[in-house]
Amino acid sequence: SPRNESLAMRRVASADQVTPLVRPGAKENYSRSLRDPAGQSPLSGSRSRASFSSLGGAPIEAPKDEENRFDFKGIFILCVNTMNGPGLLALPKAFAECGLVPGMIAMITCAWITTATSQILSDAVLLTRQKTQDYDAAYEFTDLARIHFGPTMETVTVIMLCLTLGALAIAQITIVAQALDAMIITFYGQSYALRYYPRMEMVSSETLSLQPFGVNQMMVSLGFVVAMAICIILGMMDLTANKLPQYISFVLLAVSAVALFAHITPLASEQMLHNSNTTGLASFLGDDPASIVGVAVFNFSIVIAIPSLLVDSKTGVDFIGAVSLSLIIICLLYVSVGWIGASGYGDANDNLMAPMLEADNLLAKIACFSFVWALVPPLPIYTILISRNLEQVMGQPKLAKILGVFVPWTLSMFLYMSEAFGAFVVWTSILVLGFTNYTLPLAIAAKACSGSPAKKDHGRGGCCRQMWDGILSAWSDEVGRKALVVNFIITAVLVVVVIMNVQKALGARSFEEAVDEAL
């Protein structure tokens, strides 16, 4: 907003200049280039950004593809689609276990923290452009880590980012493939899969469930192939080329939500009448109120996409307004699904889609199949973000695109029916996702708000010293203090969540029980 930009200008007026660190020998691409002595920006390619006219000086001419970038509506829809995922299906059980009131409070709090973190990180991107005097720069997440903390932190960031986005992508791939197989069985009577171990053969299934071919099977199903073909095509394009699929996904999500509430609201009302209460099969305060925190963090994974969305948004658009609105809408959806779903189904099902597939009800089928198709277009967003950040580190766009798009699908192809692999994905989310989505962005923002210049990196010791210097310097800035305080609180909560989940797994009596705890 103009107010934030004005504040950012005043903060950077007294800040020292920061020189981006360029890896020796790396390919100089659009976000690593600085202005040449003549003052001309080399960032005139398709992904360079026009500067805000309120930053001072003559406004830079918008690139030719400005019209193809995301406006307010596009940013809003893309954010909603990115946060919509398989985590939504786990909310009824999570609300039933923690209680309706703690569930609602956790969702609202997490949405507020995510909004604040997104705004702070957006300001950090603006400040970074000002500090480098490169107002056209298109900084990705890893670029910000390199500029403010050096190459070592860049490496750590890209690893954490790939693990986080990969876990989100694979979790979504699994539920999409399974649900598409169920959809094929519903309309065609059976689905097919190619078993590749212990022997090569074609098999079929007529079982209408989320796991029609069973678990721990070495095979690739027809539903998986359909999803992979669509998502690889979309993943090879950039975010701005995915506008239409994202609009379609949003419409399908709306249809699914309407059908879902039309189906589960009567069930919840019936349970309330049967139990003579206002909560159905749930309660206002459950037995495990803290269990909702991990689910909430998983469902608000949007902050890591903020730098890329800024790159592809139109000049002057109310970016934070669009992100905030998307968080309000998705939070209302989460609370509604969790509250009504818990009242109607209780904690009997880990996945809301399982009982709905078994229900002989048209609304349930519409809700399920609209939802699964709504999950398909957002899937390539994760792989695109991986590719773009790998490109910044590797300097090889083609190799980065291949790794970002094909590796998640290749891993999923061979392992997505494995329970152990599912547990690995969940534990990766527990151990890495929250820190990547909150701790890292807030640390980068605090350093960007500080006046300390980036220094030459000298390995892990140099990285730690720069982080400590950044903390001390950021504390003198109002926004920097806000980033540090929020970071401390959310990181402490994440550490507690990790410890609680590890304790549950260690207390399991068998490996199978530990896997169930993770899932």
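Yeah, the Cβs are placed from backbone N, Cα and C, and that goes for glycine too.
TrEMBL annotations: computationally assigned, not manually curated.
Annotation source TrEMBL lists compositional bias 'Basic and acidic residues' at 25-35.
Look at TrEMBL and you will find 41-58 tagged as compositional bias 'Low complexity'.
Summarising the annotation, TrEMBL assigns domain 'Amino acid transporter transmembrane' to 76-413.
The region 'Disordered' annotation in TrEMBL covers 1-60.
Here the transmembrane segment (156-189) has long-range neighbours at 85-87, 89, 141-142, 145, 205-213, 221-224, 226-228, 231, 301, 304, 351, 353, 357, 365, 368-369, 371-372, 375-376, 378-379, 382-383, 385-386, 389-390, 393, 407-409, 411-412, 416, 422, 425-426, 428-429, 432-433, 435-437, 440, 463, meaning same-chain residues at least 6 beyond its ends whose C-beta is under 8 angstroms from one of its own. Here TrEMBL flags 156-189 (among others) as transmembrane segment.
Residues annotated as transmembrane segment in TrEMBL: 209-235 (among others). Sequence-remote contacts of a segment are chain residues at least 6 beyond its ends whose Cβ falls under 8 Å from one of its Cβ atoms, and for the transmembrane segment (209-235) they are 173, 175-185, 191-198, 203, 242, 245, 351, 353-354, 357-358, 376-377, 379-380, 383-384, 387, 404-406, 409, 412-414, 416-420.
Residues or ranges marked as transmembrane segment in TrEMBL: 247-269 (among others).
Annotation comment: TrEMBL describes 289-310 (among others) as transmembrane segment.
As annotated by TrEMBL, transmembrane segment applies to 322-342 (among others). Within its own chain, the transmembrane segment (322-342) is flanked in space by residues 72-73, 75-77, 79-80, 83-84, 88, 91-96, 100, 103-104, 107-108, 111, 114-115, 118-119, 257, 260-261, 264-265, 268, 279-282, 299-300, 302, 306, 309, 352, which lie at least six positions past its ends and keep a Cβ under 8 Å from the stretch.
Residues or ranges marked as transmembrane segment by TrEMBL: 362-387 (among others).
Look at TrEMBL and you will find 399-418 (among others) tagged as transmembrane segment. The list of residues near the transmembrane segment (399-418) in space but at least 6 beyond its ends in sequence, with Cβ under 8 angstroms from a Cβ of it, reads 166, 169-170, 173-174, 177, 211, 213-220, 224, 228, 231-232, 235-236, 380, 382-388, 390-391.
Packing against the transmembrane segment (483-502) from elsewhere in the chain are residues 113, 116-117, 120, 290, 293-294, 297, 427, 430-431, 434-435, 438-439, 442-443, 445-446, 449, 471, 474-475, 517-518: each is 6 or more residues past its ends and has a CB under 8 Å from a CB in it. The transmembrane segment annotation in TrEMBL covers 483-502 (among others).
Counting residues 6+ beyond its ends, the transmembrane segment (289-310) has Cβ neighbours under 8 Å at 49, 70, 75, 78-79, 82-83, 85, 87-88, 90-91, 94-95, 97-99, 102-103, 106-107, 109-111, 114, 117-118, 121-122, 125, 139-141, 143-144, 161, 164-165, 168, 239, 319, 323, 326-327, 330, 334, 381, 384-385, 388, 429-430, 433-434, 436-438, 441, 493-494, 496-497, 500-501 in the same chain.
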